[in-house]
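Engineer: Got a structure here, written out as structure tokens. Questions coming.
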């Protein structure tokens, strides 16, 4: 169950049909922080590592069961067992991804070197360039909902929408678009900056000279690349020893599910018909951070360490560990009031609705300022 109980979920789900508040809020970040119990900002190295051990133990259990017992099953049951393994393993490894994400925000421990070491190992094992993503993701947090400076899922204006988009604005085209986004979206973003902020030259997360990064960050991009090369070499050796089909079944398909959930979670956190976007004339950090929405993924909220239903709190206080985020969310909601956004629609229905309703942004013609934009869908 998501934050706030079923009655609040229904209330919020209905209220989000209307545009979210977009004027300067009547509270400050410090007032929000004062409403949250101080212990919520404390990081515990032991507790954080317990989640790593917990997730990796389940991952190993699924792996051990699949590789030692599935071949003993009669063929019809084996064909059923592997998809179950893929889903379970993919969900648990998404939780591992989230822990590495915490490391990138310095929310894992009080020691930066511990966070970066754990994050580098976990993300490299999932073929994510840790420092490369850490720095671009930090810029996303610094510029959320800014049409000029946000880093990812930056919506286009109507004039920027490609001419062929109208041919995909139908159920089959929408299904194909979602399929491509969930399967290829993450590697395309890392390699080609697809859906990312436009730069004046080619941007790539694997290129230390990419315009995404400053000069002082470039050395760590090399370290990220080294982590990816090391993980790729291990996978190559495993494929040579066990066979490519074995590697795809045990590792490849779960990784596709991890990547799909990563894109879906991020997309739904920042894409909603009620969320505003701003250009530079109107944007400020607090309103940008509040232009996000908490979602309910059911039991997966816990599997994903509540990154799904405490994302507003995460944007406001990104160094807060995930195991305090739900308590912080409950504490700050009275301060945020209507500025807190929650949608309890099942995530698979929400993905379909947002793909249909949120095609581009246009300026609010009724606003006295011209820096406010809303999602539209009429092509």
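Each residue's number is its place along the chain shown, starting with 1.
A Cβ is built for glycine as well, from the same backbone N, Cα and C atoms used for every other residue.
Bear in mind that TrEMBL entries carry predicted annotations, made automatically and left uncurated.
If you look up TrEMBL, you'll see 20-57 marked as domain 'Fatty acid desaturase N-terminal'. Look at TrEMBL and you will find 81-341 tagged as domain 'Fatty acid desaturase'. The annotation region 'Disordered' is assigned in TrEMBL to 1-25. Under the heading transmembrane segment, TrEMBL lists 51-71, 77-101, 175-192, 244-268.
Looking at the shown structure, can you explain where the listed features end up?
Structural biologist: Mean pLDDT of the predicted structure over the domain 'Fatty acid desaturase N-terminal' (20-57): 97.
Listed as Cβ neighbours of the transmembrane segment (51-71) (distance under 8 Å, sequence separation of 6 or more from its ends, same chain) are residues 78, 81-82, 85, 88-89, 92-93, 95-96, 99, 118, 122, 249-250, 305, 322-323.
Beyond its flanks by at least six residues, the transmembrane segment (77-101) meets 48, 51-52, 55-56, 58-59, 62-63, 65-66, 70-71, 108, 118-119, 122-123, 125-126, 128, 130, 137, 249, 253-258, 260-262, 300, 303-305, 307, 322 of its own chain at Cβ-Cβ distances under 8 Å.
Sequence-distant neighbours of the transmembrane segment (244-268) (same chain, 6+ residues past either end, Cβ-Cβ under 8 Å): 63, 66-67, 82, 85-87, 89-91, 93-94, 97, 126-127, 152-153, 181-183, 185-187, 235, 238, 293, 295, 304, 307-308, 347, 350-351, 354.
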Engineer: So how many of the residues in the domain 'Fatty acid desaturase N-terminal' (20-57) end up helix, strand or coil by DSSP?
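Structural biologist: Split into helix, strand and coil, the domain 'Fatty acid desaturase N-terminal' (20-57) gives 24 helix, 0 strand, 14 coil.
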